[in-house]
Amino acid sequence: MRAQPAASHFVDGRPLEDAAGAPIPVIHPANGEEIARLHEATPAVIEAALASGARAQKDWAALRPVERARILRRASDLIRARNEELSILETLDTGKPLQETLVADWPSGADALEFFAGLAPAVTGETVPLGQDFVYTIREPLGLCVGIGAWNYPSQIACWKAAPALALGNAMVFKPSEVTPLGALKLAEILIEAGLPPGLFNVVQGRGAVGAALVSDSRVAKVSLTGSVPTGRRVYAAAAEGVRHVTMELGGKSPLIVFDDADLESAIGAAMLGNFYSSGQICSNGTRVFVQKGIKEAFLARLAERADAIQMGDPLDPEVQMGPLVSPAQLEKVLSYIEKARAEGGRLVCGGEASVSPGCYVQPTVFADVTDGMTLAREEVFGPVMAVLDFETEEEVIARANATDFGLAAGVFTADLTRAHRVVAQLQAGTCWINAYNLTPVEAPFGGVKMSGVGRENGRAAVEHYTQVKSVYVGMGPVDAPY
């Protein structure tokens with residue numbers, strides 16, 4: 001099945017091709033077939049995207065917020081009306097099963113556009129009384145923003161970054177991952193159809209050099225990245241050269257803590273969602289599952305039973321529950337972590353093998369008897385590999401859960417809500433769940449601490465990261481100067 005777009009890039013309101021750029025083959029992970037071939041952005045394409053964005057942004061910012069909101073709301077409606085065809089494209093691009101993409105990818109993007117459309121007219125300043133004088137504040141857009149996406153949720157990420165940027169009066173040049181480049185082009189088309197003026201959301205394709213060129217350009221006021229910690233470090237350093245605003249959502253090695261009074265089926269379901277959904281390729285996954293000793297074996301037995309029942313296969317089959325990893329390179333990486341876990345003494349409970357050939361499939365895999373020092377407990381795998389660790393006391397598990405450089409997410413399962421709140425208050429994570437896991441509604445802020453990132457996406461908190469405050473002092477009387 002082919003999914004060739006009209007052109008590799010979308011700049012100034014139209015598809016744009018420049019075949020001089022290095023080729024980017026788009027491979028369907030389920031069978032290894034090339035479904036499209038794009039080209040990397042040349043310097044001319046990058047310049048056109050930045051120039052048109054900078055030019056269009058000023059008029060866009062001058063519109064009433066409600067006028068901007070109408071366009072984003074129309075785009076949200078268009079996405080929902082076309083969700084099935086967009087979800088099929090997302091499945092072809094990523095390998096995620098259709099039963100996931102129909103509910104979790106473009107629908108979340110539509111939610112973001114709708115949410116920020118509703119929020120935009122309510123973003124106002126404040127008045128500070130100072131006797132007869134006063135100060136008022138204005139929230140102003142930052143200007144030209146750069147968004148850099150990841151390959152695991154390409155279309156959702158594009159929407160999560162574009163929605164607040166555009167709603168608040170900014171322009172954005174977006175570079176999707178070269179592994180999954182197709183969804184962002186569809187978003188650009190839909191925004192234009194909804195009435196967005198040309199130049200405000202441009203899409204350019206490419207690898208790291210293209211991202212570096214965007215981030216280092218003097219016209220760029222803000223960078224929003226979703227990616228790995230090494231990429232984040234490089235982008236952060238480049239943005240710092242120009243003292244640019246930065247939001248980063250990076251990796252994680254998140255703890256999911258299950259106390260012995262938890263509802264076992266719910267806790268197991270959450271652990272599976274937090275390790276096997278999207279074939280485990282989710283940054284916030286709870287890949288360190290801490291289970292209190294008294295229920296560990298019962299937890300593992302039922303977990304293995306449910307994991308073995310997961311239906312793998314063609315992701316376009318609506319009955320399939322788990323698809324392939326995104327690429328052969330990711331498959332090789334995940335299999336290497338499985339071998340390390342075996343070598344370091346992990347007890348394989350289920351899975352552990354490549355599965356369903358051709359394609360980049362790995363069975364849902366669970367290791368028990370994992371200790372804090374093992375590679376599987378320290379490094380982000382980004383695949384369907386769960387590490388189960390046991391614990392005895394609340395104090396112990398809090399200390400061990402926090403003993404990581406990451407701090408993206410955490411979860412707690414217990415029937416004792418007092419304990420749940422007490423534990424969550426001590427966990428070093430930007431996003432926490434109690435008796436739930438990996439639910440990320442756009443109404444709530446999302447982001448990490450420590451090496452997992454800076455800033456927040458979604459919720460009202462995103463306003464802080466796409467606007468700047470101007471203070472205006474108003475003197476109501478004569479100026480009293482001492483000279």
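Every residue, even glycine, has its Cβ placed from backbone N, Cα and C.
According to Swiss-Prot, the protein has these features:
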- Ile27, Asp93, Val179: K(+) 1 binding site (BINDING)
- Gly149, Ala150, Trp151, Lys175, Pro176, Ser177, Glu178, Ser228, Val229, Pro230, Thr231, Gly251, Cys283, Glu380: NAD(+) binding site (BINDING)
- Lys161: active site, charge relay system (ACT_SITE)
- Val243, Lys450, Gly453: K(+) 2 binding site (BINDING)
- Glu249: active site, proton acceptor (ACT_SITE)
- Cys283: cysteine sulfenic acid (-SOH) (MOD_RES)
- Cys283: active site, nucleophile (ACT_SITE)
- Glu457: active site, charge relay system (ACT_SITE)
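Residues Ile27, Asp93, Val179 make up the record's K(+) 1 site, and a Cβ search at 8 Å around their centroid adds Val26, His28, Pro29, Ile35, Thr94, Gly95, Trp151, Thr180, Pro181, Leu182, Val326, Ser327 from the same chain. Counting every protein chain shown, the number of other Cβ atoms lying within 10 Å of the Cβ of Ile27 (K(+) 1 binding site) is 20.
For Pro176 (NAD(+) binding site), the count of additional Cβ atoms within 10 Å of its Cβ stands at 26 [all protein chains shown]. The recorded positions listed here (Asp93, Val179, Glu249) include Glu249 as those with a Cα within 10 A of the Cα of Gly453 (K(+) 2 binding site).
Around Glu457 (active site, charge relay system), the same-chain residues six or more apart in sequence whose CB sits under 8 Å from its CB are Trp160, Lys161, Pro164, Ser224, Thr247, Glu249, Pro445, Phe446, Gly447, His465, listed in sequence order. Each residue contributes its Cα atom, and for Pro176 (NAD(+) binding site) and Asp93 (K(+) 1 binding site) those atoms are 12 Å apart. Here the binding-site residues are Val229, Cys283, and the one ringed by the most other CB atoms within 10 angstroms is Cys283. For the recorded positions Glu178, Glu249, the largest tally of other C-beta atoms within 10 A is found at Glu249. Ranking the binding-site residues Val179, Val243 by how many Cβ atoms sit within 10 Å of each one's Cβ puts Val179 at the top. Nearest to Cys283 (NAD(+) binding site) in space, judged by Cα atoms and limited to the binding-site residues Asp93, Val179, Val243, Lys450, is Lys450.
In this structure, the recorded positions Asp93, Gly149, Trp151, Lys161 were compared by how many other Cβ atoms lie within 10 Å of their Cβ, and the smallest count belongs to Trp151. Sequence-distant neighbours of Thr231 (NAD(+) binding site) (same chain, six or more apart, CB under 8 Å from its CB) are Gly208, Leu225, listed in sequence order. Close to Lys450 (K(+) 2 binding site) in the fold, though at least 6 residues off in sequence, lie Thr404, Asp405, Phe406, Gly407, Gln428, each with a CB less than 8 Å from its CB.
For the recorded site, Ile27 (K(+) 1 binding site), the DSSP three-state label reads strand.
Secondary structure at Asp93 (K(+) 1 binding site), taken from DSSP and collapsed to helix, strand or coil, is helix.
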